[in-house]
Amino acid sequence: MRILDYDKVIERILEFIREKGNNGVVIGISGGVDSATVAYLATKALGKEKVLGLIMPYFENKDVEDAKLVAEKLGIGYKVINIKPIVDSFVENLELNLDRKGLGNIMSRTRMIMLYAHANSLGRIVLGTSNRSEFLTGYFTKWGDGASDYAPIINLYKTEVWEIAKRIGVPERIVKKKPSAGLWEGQTDEDELGISYNLLDEILWRMIDLKIGKEEIAKDLGIPLSLVERVEELIKKSEHKRRLPIGPSFEDLIVGP
């Protein structure tokens with residue numbers, strides 16, 4: 001895995017947030033390590049008065065306690081918004097037979113609406129909390145948790161976010177907890193992805209950054225080729241999530257000025 005100069009990485013993120021978020025930022029705080037890390041960095045960069053955290057549970061669990069812990073340790077303003085009645089009303093009016101994943105996407109997009117409503121009313125921007133591991137594999141909801149104005153940790157792998165979190169003082173219980181998108185009870189990222197972040201990041205780094213072939217990656221890591229191919233498939237299938245919508249080109253059909 002690549003080795004970063006973490007002190008300089010942290011300083012660069014702080015400079016980035018100061019430049020982009022000078023008027024203030026709004027962050028969705030889930031109780032997980034990614035959002036906690038962004039909240040800590042934003043508070044260090046801008047001061048607590050310029051950071052608003054939104055905690056938006058669909059159901060009450062320990063994540064809400066962890067999210068509150070982050071906000072209260074930082075001394076930032078925060079709001080707890082129960083999105084269950086909003087989501088349930090929306091689903092009821094859709095009159096569709098949604099599966100668990102479909103419901104999860106609506107939860108995520110509801111949170112996005114909340115974030116932007118608050119940001120717009122305050123003249124602030126939304127800071128995203130996606131990391132590189134999620135971004136490359138498409139492990140996010142399009143126009144949901146993947147939506148933000150700026151994303152300070154999007155070029156850091158999950159394992160690198162863990163390292164930064166430890167260095168900047170994110171509570172240990174948050175750093176060590178199993179990552180979860182909080183879309184249903186007992187849901188974890190690694191169960192859904194079918195691979196640990198430690199191994200996923202090793203594969204992604206070799207495949208994307210170093211451009212190493214699949215067979216060599218499998219041999220290098222001592223894992224089945226099928227696992228490397230599964231990661232490659234996740235990247236390919238989620239390509240549309242990493243760009244704005246595109247349409248057909250008509251440049252070759254121009255017949256006049």
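The backbone N, Cα and C atoms fix where each Cβ goes, and this holds for glycine too.
Here's what Swiss-Prot has on this protein:
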- Gly28, Ile29, Ser30, Gly31, Gly32, Val33, Asp34, Ser35, Thr129, Lys158, Ser180: ATP binding site (BINDING)
- Asp34, Glu134: Mg(2+) binding site (BINDING)
- Arg109, Lys142, Asp149, His240, Lys241: deamido-NAD(+) binding site (BINDING)
Secondary structure at Gly28 (ATP binding site), reduced by DSSP to three states: strand
Count of other CB atoms lying within 10 Å of the CB belonging to Gly32 (ATP binding site): 23
Neighbour-count leader, CB within 10 A, binding-site residues: Arg109, His240, Lys241: Arg109
Top Cα neighbour of Asp34 (ATP binding site) in the set of binding-site residues Glu134, Asp149, His240: Glu134
Listed in sequence order, residues with CB under 8 A of Lys142 (deamido-NAD(+) binding site) and six or more positions away: His240, Lys241
Nearest recorded site to Arg109 (deamido-NAD(+) binding site) by CA-CA distance, among binding-site residues Gly28, Gly32, Thr129: Gly28
Fewest-neighbour residue among binding-site residues, criterion Cβ within 10 Å, set Ser30, Thr129, Ser180: Ser180
Structural state of Lys241 (deamido-NAD(+) binding site), classified by DSSP into three states: helix
Recorded deamido-NAD(+) site residues Arg109, Lys142, Asp149, His240, Lys241, farthest C-alpha pair in Å: 18
Pairwise CA distance, Glu134 (Mg(2+) binding site) versus Gly32 (ATP binding site), rounded so that it is a whole Å: 14
Most crowded position, judged by CB atoms within 10 A, among Glu134, Asp149 as binding-site residues: Glu134
